Amino acid sequence: MHRLPPPRLLFLTALVLGLGAAGGWLAAQVMVPMPWMIGALAVSALCVATLQRGLLRDYIFPNRFRNPFIALIGVMIGSQASPALLDSLATLPLALAALLLFILVAHAGNVAIFERLGGYDRATAFYSGTPGGLMESILLGEGAGADIRILTLQQFLRIIFVVTLVPAALSIWAGEPLGSAAGIAPGGDVPPRWTDCVLGAGAAGLGLFLARAVHVPAGHLVGPLVITAALTLMGAIELHLPFWVLATAQVVIGTSLGLRFLGITAAHIRKGLGLAFLSVLFMLTLGTGLSVALAQVTGLDVVQLLLSFAPGGVTEMSLIALSLSVSPALVSLFHVARILMTVGTLMVTPRLFGIGPKV
């Protein structure tokens, strides 16, 4: 793949973001859940299907542009921290035990789906079925001889299906549009103060620096989140960001997700879609059961637990929690824990499935 000259890269990035924003606006008009992200994702995926051999050939969405928006999401989530978050941490050991059970059962079930129904080889099925740790799964899968194209496709489809189905299911369950589908944003009706905006930008920068220094998972999100949450709990800042900030972040994340299909054949996508749907349906059913049971024991909100167990990306699930105003800081904490636990199990479980590194 050839590296595009900067002017062309800038033009194509502006073009796909503009089209993504248009898709988000259309989705918002018909009250699609998470409209700005889902609409942008759908339009950018359509662009890939029609333009990847022409205008979008050799194009890769620049992470350098995406990462600041991920940091912004971290700041927005951290600004929602409250003493109630600290109170809920008392239930963390039991919740994390349930999360580990979810990871082990979900992974084993996914391996069966991809190997027996999909016909994938054992290594490809194993690393395609991890309920988190996308980049780690790809790197370890490559070392174990997995088909990287299929592995990457299934992992991205997992995230896309989860972030599409979960908000829709919650809106259907509630009987009305929720969160950003209804035009709601945390603090969206409170005018922002420029001093808070400056402090928020500083928290994002400091969080990014610290995250890079200690190499935490999803550091672009987690670093700014932790710094902003700490400052908010101490009363140093009180951010009230307008709705368009959240909508812009959704457009950028959604557009970049849809463009992940670049370079993948239609045949692989058709097969992957069916398998991913079965896999995600299985994981969401498992997560729902555990969420209902855990809510009875801990008193935590069942929707909050559902979002915590849903195996989407950290950034995407945090955005959904932020959109629904459902303790996004705690949801983010669960998803970071899910990644750490998943990666930890990948150090132990491959040999149980007869998988080892290729030499």
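Cβ coordinates come from backbone N, Cα and C, glycine included.
Caution: TrEMBL annotation is automatic and unverified by curators.
As written in TrEMBL, here are the features:
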- 36-56: transmembrane segment (TRANSMEM)
- 68-86: transmembrane segment (TRANSMEM)
- 92-114: transmembrane segment (TRANSMEM)
- 156-173: transmembrane segment (TRANSMEM)
- 193-211: transmembrane segment (TRANSMEM)
- 218-237: transmembrane segment (TRANSMEM)
- 243-263: transmembrane segment (TRANSMEM)
- 275-297: transmembrane segment (TRANSMEM)
- 317-337: transmembrane segment (TRANSMEM)
With pairs closer than 6 in sequence left out, are the transmembrane segment (193-211) and the transmembrane segment (317-337) joined by 3 or more CB pairs under 8 Å? no
Decide whether the stretches the transmembrane segment (68-86) and the transmembrane segment (243-263) have at least 3 CB pairs under 8 angstroms, with pairs required to be 6 or more apart in sequence. yes
Can you work out which residues elsewhere in the same chain, 6+ from the ends of the transmembrane segment (243-263), have a Cβ less than 8 Å from its Cβ atoms? 16-17, 19-21, 23-24, 34-49, 52, 56, 59-61, 65-66, 69-70, 72-73, 76, 152, 156, 159-160, 163, 180, 183, 185-186, 188, 269, 315-316, 319, 322-323
Other than its close neighbours in sequence, what residues sit by the transmembrane segment (275-297), given a CB gap under 8 Å and a spacing of at least six beyond its ends? 94-95, 98, 101-102, 105-106, 109-110, 113-114, 117-118, 129, 131, 154, 157-158, 160-162, 165-166, 169, 305-306, 308-311
